[in-house]
Amino acid sequence: MFIRNNRRSKIVATVGPASSSPDMLRSLFLAGVDTFRLNFSHGARADHAEVYRNIRALEQEHDAAIAVLQDLQGPKIRIGVLAHGRLDLARGSTIGFILGREGGEGMNDIPLPHREIFEVAVPGMDLLIDDGRIKVRIMEVMDGRLVCEVLNGGALSNRKGVNVPGAVLDISPLTAKDREDLEFGLELGVDWVALSFVQRARDMIEARSLVGDRAGLIAKIEKPSALDDIEDIVRLSDSVMVARGDLGVEIPPEDVPGKQKEIIRACRLAAKPVIVATQMLDSMVSSPTPTRAEASDVAGAIYDGADAVMLSAETATGAYPVEAVEIMNRIIEKTEKHKHYRPILEATEPDVAQSPPHAVATAAANVAVALGSPVVVAYTSSGTTAARISRARPALPILALTPSEQVARRLNMFWGVVGVRSQDVHTYEASLIHAQQAVQEAKLASPSDHIVIVAGFPFAQQGSTNNLRVVQIAATDNLEIA
């Protein structure tokens, strides 16, 4: 049984050309990766399937639960093909967006094949092009034409991306390609599905109707309108990703750190794991060491209470994928050992509405710390019990025992949780004995240690966390389930 017990926060790494071989996947896993991300914006399905199979082989090799995250591309809002392939936009000049895929009659006409933008356009609205590098303001709205003033100019080429900050577009977050990719991923057996271009809570309902309970559903927060609807989006999702790249284009950069903290707090309140992503160690795409600002960025997300931090290009296409994971692993370790880490986590603990399951989970964390227990054991069929304990952020690992292999994998996204597939137990006495065996096999506790065991009775009833027991571990030879 492979157990990672050097830190509580988790690492997500994106697989790409630099990291897709079996040997590289193994190196990344041993360096600290907890979840592998398959980015369906790039690569063929056959390539993703091969990577998936290699991850599952790695899982068997190390007797570990490894999660696989499928990240769907989502709709891409782009300009069309310019009449001359390039347009130099000068600040203060006037341009026109025309509805269509190819350039119009005027030299400064830019094709925009997205009627939904024309439907919401109003004078004074800003459009951002090429990741925000070019900024224009709508001056006049005509039938099939938007007359704009260039605020920030530059050279524009074909099919550059367009962002419409502050507007909610009448567009589904799932394209035809996404729906096909989603079904492919679910058939493959992915554990998490990340939904791009989430604008409002109802987008999650549409996705849930397709995913069901076959995978955990992650809402990527990259639109300002999603921030306005964040509580309902968190409620309807299983996890949230703070996608700071697109979000940082659509809101002022100075607003991103505060919004990151708000999203993390909302997720912790709901006991849902939150991933902080984008450009965390971006310089390591081409450099063997990160900038000091990047190291501080990773540490800041850990201090904020993030469940996981994510590497994108660093591991997908970078020259130093293993080094990026190793450094991120060390940053997390150092941060979690810092004298200010625990006080900050405790000061930001959310005020949760009391219920018996929440009270038991919180008590388990507190009792374990008070007794100096090395581990909390959580029996869970759906993952809810372990998630509730994780929300309390106890200073010790949470060993989640579940009969479901997929639940075990998903739980490894949660702060402090070690998900392990275990035998199904049906009696109270059997649960106590099996917990003692499991913590010793995982090398998380030794004979004579006191451990805290949390479960719900009757067994296999989702959300029924109602029992807490402190047990002193007996020697393995003296443990036997009748």
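Placement of Cβ uses the backbone N, Cα and C atoms for every residue, glycine included.
What Swiss-Prot records for the K(+) site is Asn39, Ser41, and among Asp23, Asp63, Asp71, Asp88 the residue it adds there is Asp71.
Under DSSP, Phe40 (ATP binding site) is assigned to coil, being neither helix nor strand in the three-state scheme.
Here the C-alpha separation of Ser41 (K(+) binding site) and Lys160 (ATP binding site) works out to 16 Å. Summarising the ATP site geometry, the residues cited as binding it (Asn39, Phe40, Ser41, His42, Arg78, Lys160) extend over a maximum Cα to Cα distance of 20 Å. Neighbours of Phe40 (ATP binding site) among the recorded positions Lys220, Gly245, Asp246, Thr278, defined as a Cα within 10 Å of its Cα, are absent: none qualifies. For Lys220 (site 'Transition state stabilizer'), the same-chain residues lying six or more positions away in sequence with a CB closer than 8 A to its CB are Asp71, Gly74, Ala194, Leu195, Ser196, Phe197, Val198, Val240, Met241, Ala243. Ranked by Cα separation from Asn39 (K(+) binding site), the binding-site residues Arg78, Lys160, Asp246, Thr278 are led by Thr278. In this structure, the binding-site residues Arg37, Lys160 were compared by how many other Cβ atoms lie within 10 Å of their Cβ, and the smallest count belongs to Lys160.
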